[in-house]
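Colleague: Take a look at this one; I'll ask things after.
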Amino acid sequence: MYYGFDIGGTKIALGVFDSGRQLQWEKRVPTPRDSYDAFLDAVCELVAEADQRFGCKGSVGIGIPGMPETEDGTLYAANVPAASGKPLRADLSARLDRDVRLDNDANCFALSEAWDDEFTQYPLVMGLILGTGVGGGLIFNGKPITGKSYITGEFGHMRLPVDALTMMGLDFPLRRCGCGQHGCIENYLSGRGFAWLYQHYYHQPLQAPEIIALYDQGDEQARAHVERYLDLLAVCLGNILTIVDPDLVVIGGGLSNFPAITAQLADRLPRHLLPVARVPRIERARHGDAGGMRGAAFLHLTD
């Protein structure tokens, strides 16, 4: 059995998957915030419960926000303070007497989608998250590409390309990002960026769901806004696709629930790609809230 943990600032979620990649059991507990020992205990107790329930010693994979293992072997995860700065993988491997694998939550999202029954035919899968921020992951032949510092797939911290500034205007604001840089694309393409763009052009502070509702009602202002957003997304994604050249792009995050994105994006991409490039298949993520657990469990699928 494959045990997948999706760990965040408020909850530890465990999903148990069989050899057919089907979810057999899941359980959630609160994430301890102040005690590393309590954090380790919470994970180990869930593993023990799963081992007993299924009569086996399952493999353990963990998805967690941040950098799973820095050069000194410690975790960097600002949203999980009890474990940040600790040698989490080594400590859990020792306590559980098995190989525990860690990766960041965006890679686990991408891995979950790459192992969808229909999507396994594609060698290179790119996950793109359009949510509170913009991120994602790359999966090649069923395994995540992490990079030296686990920042592969941090697409949101690419800067606006020159074509975007030409389209939006050279006086377009280069917003300061939480990473300390200016002009990172997640400030314009995330759910918050979607709302910011609307306010910037129309001086109305609406949230993304409100704007989308107006779009669905045929509101001309909202429709013009969505056209502008999709054009900007296509410009930025075109740069990424020129570097990565994936077979499949799977879009997740809150904005993936807006059908216009997956329905209209592909037609806008060719003008931003090399003439010989082929537009990849673009799909909405299929596994929702279970994706983090699925992807973490599947860290053990290919060795």
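Each residue, glycine too, has its Cβ placed from N, Cα and C.
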Colleague: From the candidates H157, H200, H203, give the one listed by Swiss-Prot for the same Zn(2+) site as C177, C179, C184.
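Modeller: Record source Swiss-Prot; matching candidate: H157.
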Colleague: Taking DSSP as the reference, which of helix, strand or coil describes G135 (ATP binding site)?
Modeller: strand
Colleague: Where C184 (Zn(2+) binding site) and G133 (ATP binding site) are concerned, what is their Cα separation in Å, rounded?
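Modeller: With the alpha carbons as reference points, the distance is 10 Å.
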Colleague: Between I139, C177, which of the binding-site residues has the fewest other CB atoms within 10 angstroms in the structure shown?
Modeller: C177
Colleague: Could you measure between D6 (ATP binding site) and C179 (Zn(2+) binding site) for me? Cα positions, answer in whole angstrom.
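Modeller: Rounded to the nearest whole number, the Cα-Cα distance is 24 Å.
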